[in-house]
Amino acid sequence: MTAYLIRNVRVLDGEPTDLLVRDGVVAEVGGGLTAGDATVLDATGLVALPGLVDLHTHLREPGREDAETVESGSRAAALGGYTAVCAMANTSPVADTAGVVEQVWRLGREAGLVDVQPIGAVTVGLAGERLAELGAMADSAARVRIFSDDGHCVADPRLMRRALEYVKAFDGVIAQHAEEPRLTEGAQMHEGEVSTRLGLTGWPAVAEEAIIARDVLLAEHVGSRLHVCHVSTAGSVEVLRQAKARGVRVTAEVTPHHLLLTDERAETYDPVFKVNPPLRTATDVAALRAALAEGVIDVIATDHAPHAVEDKECEWAYARPGMLGLETALSIALDVFGPQWDLIAERMSRAPARIAGLTGQGVDPAPGAPANLTLVDPAARRVIEPAELASRSRNTPYARMTLPGRIVATFLRGEPTVLDGKAVK
Ligand SMILES: NC(=O)N[C@@H](CC(=O)O)C(=O)O
Ligand SMILES: [Zn+2]
Ligand SMILES: [Zn+2]
């Protein structure tokens, strides 16, 4: 195993120092370390962060390997600075059995680029009718702790209650895609001025807020853990703020695109901007940014949702919702929040690792810490070229935009997965 001496790097907001990475851990931190047999990396101007952790990734394997595989998604993640991703269950077959979650977990280990932690489905086939084998998935080699029907809402309140009760036994968490389906039938974009002008059926904010309000009450009643996926409205932030003030065990995430883009993008009729929940208004974006800074929202999660060209480059109404996220998330965070490294580390690494219960992830680089880390060049700017992305899909909403920040290197347990901005394998 090669040792690495990372010279002249700033750890988060600290002064430049040296990091010695050896045997999978950060062995030493301090000025003027000697290399010995270590490979020296000059990291002048770079910032070291704990490896990023994504709570919400769609890897599409099994079933849609044309759009993404565990390996291609893992490579996109490593290039984005991630050392762990949680893989959503809406694959084909659905990850609703111990067999499927173990398959995804094994594929992740074989790719060896990030830790792939499978999420299990809450209900069989995501159909919302009966609970999946949550216990068997928890006891499997994949040790599932997060369950989600993402893509669908667990709309039946009795099923939601039972799921919350079930996972309490092993401190699991239900991650809800909050969308009251009766309020979003035929919806194409956010319900508001722009949808009225374009004549597209609207997806009202209240469809999200009503489910979050119900679910925080259910979580409070049961005393169990709820996580809210891709929060997108100012009203949702207020529901979460009140629930947290009461001590409800609820956490929440926001995506990079909901922190940056608004429903006005639909005016282009370019389906790359079609996503679920939909892009909202500038007022919502401002509320989400403030909530993330305050901690009412705990995490930035990508909701990386790769789609094949034929599912995306068609008429708006027929296009699948979803956007790529893994390779651009850190840049969007830097664009929105500036170099607030402690905030970025908390929201993109420590908090998601805690919520997912991933030991060894989300730990700041310090002596004895597992060497899961990423080196960022905050001064670099890059133009996003869809064809250059490692993802198998091309549906980035940031095509040809110039974004700040570049991931220079990523280490997984002391081994580089990215060096010089390129994937090692
Ligand atoms: N976000 C999306 O628009 N799409 C996701 C599903 C989801 O996250 O709800 C997908 O799987 O494509
Ligand atoms: Zn969702
Ligand atoms: Zn999703």
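Here the Cβ of each residue, glycine as well, is placed from N, Cα and C on the backbone.
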Candidate sharing the Zn(2+) 2 site with HIS177, HIS230 (per TrEMBL), from ASP139, ASP150, ASP263: ASP150
Identity of the Zn(2+) 1-site residue among ASP303, ASP311, ASP335, ASP342 (reference: HIS56, HIS58, ASP150, source: TrEMBL): ASP303
All-chain count of other Cβ atoms within 10 Å of PRO321 (substrate binding site): 20
Zn(2+) 2 site shell beyond ASP150, HIS177, HIS230, criterion: Cβ within 8 Å of Cβ centroid: HIS56, MET88, SER148, GLY151, ALA175, GLN176, ALA178, GLU179, CYS229, ASN276, PRO277, ASP303
Candidate nearest ASP303 (active site) in space, where candidates are the binding-site residues LEU59, ARG60, ASN90, HIS177, HIS230 and distance is Cα-Cα: HIS230
Among HIS177, HIS230, ASN276, PRO321, which are recorded as binding-site residues, the nearest neighbour of HIS56 (Zn(2+) 1 binding site) by Cα: HIS230
Alpha-carbon distance [ASP150 (Zn(2+) 1 binding site); ASN90 (substrate binding site)] in Å: 7
